C-alpha cells in the first residue's frame, strides 16, 4: 500500500513506477467496484473545484462523474467562470479556493500555472491538461494497455506517431520511461520533441530499462510495436499558416491500416486521446475538407472504426483513473 494522501498530481515525473502502478491498480479496483455495484464512497462531504480555461468533454465528465460516484461535490469554473490570470493571479486564486475546497483540478495553459496553484492552495491540485503535459490521460492509456495485453507495461513497444512537439508526446514519453517501456516518437524532423525533456527521459530510461527512440522513419519507428498512438495535428485557435504547414508535414504520418500492418504485429492496437479528426462529420472536419481537401487527418476513418481501435475503452478509462487519483490523494483511507 502507498499513502499518497494530500499529494499533488501535476506530472508523472513526480511519481515512482510503484506509485504509478498503485494508481493503476486502484483504478482497476474502482472500475470493478462500479461494474459490480460494490463501490465504497471515500470522498463523502468533500468539495472539489474544477478550473477549466480550455473546453473539455472527457476530462470534465471524468472528474464530475468520478467525484459524484465517490460522494464529493464539484464546482465547475469554465473559461469565463473565474478571474484566474485575468483579474486575479494564480497564486491568489489558489489561496482563495484552498480555503473553500478540499481539492482543485486545473485544465488550461502553461504548466507553471498548475504548479503555482499547487504551491499556494494547501490542498491537492490535479493537472487536467496543460500545454506541456497531460498526466491523467497517461494513466487512462496505461490502464487500457493493461486490459488489452497479457504482459506487463515494461514489455510493451509503443510508438507515438505525429506531432512530436505536443503535450501528448511529452506526457507519453514521461510515463513510458517510468514504466520501462520501449517508446518511440515518430515525427518529422521539423517538429522536434523538447530536447531537455528527451535528455531527462533518457536518464530515467537508464534506470528503469526503458528505451527512447526519436525518428522520422515511419517503417523503423513502428516495427514490432504493440501500440500506435496519435493525436490531433493542430490545436483550435492556431493561425491558418500553422495549420497549412503542419498538415503538409504530417500527412505522411497519418496512422492508417497500412501503418498498422507495418508493425508486423497482428495484435497491435490503435489509441488516440480524442477528439479525433477521422471524417467530415464535425464542423472542423468540414472546414478541413474545404480548405485542404482532406477527408481525414491524423487517423484514417477505416482504422478508427476497425478492430484494432481501442479508443473508446481508453476514453472510458479516463473516468476510472481520474477517480483513482482523487481517491488516492483526497479520499478517506
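Glycine too: its Cβ is placed from the backbone N, Cα and C atoms.
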Of 7, 184, 318, which one shares the carbamoyl phosphate site with 56, 57, 58, 59, 107, 134, 135, 136, 137, 273, 274 in Swiss-Prot?
318
Cα distance (Å, whole number) from residue 167 (L-ornithine binding site) to residue 107 (carbamoyl phosphate binding site):
13
Binding-site residues (56, 167), the one with most neighbouring Cβ atoms at 10 Å:
167
Residue from 167, 231, 235 whose C-alpha is spatially nearest that of residue 56 (carbamoyl phosphate binding site), among the binding-site residues:
235
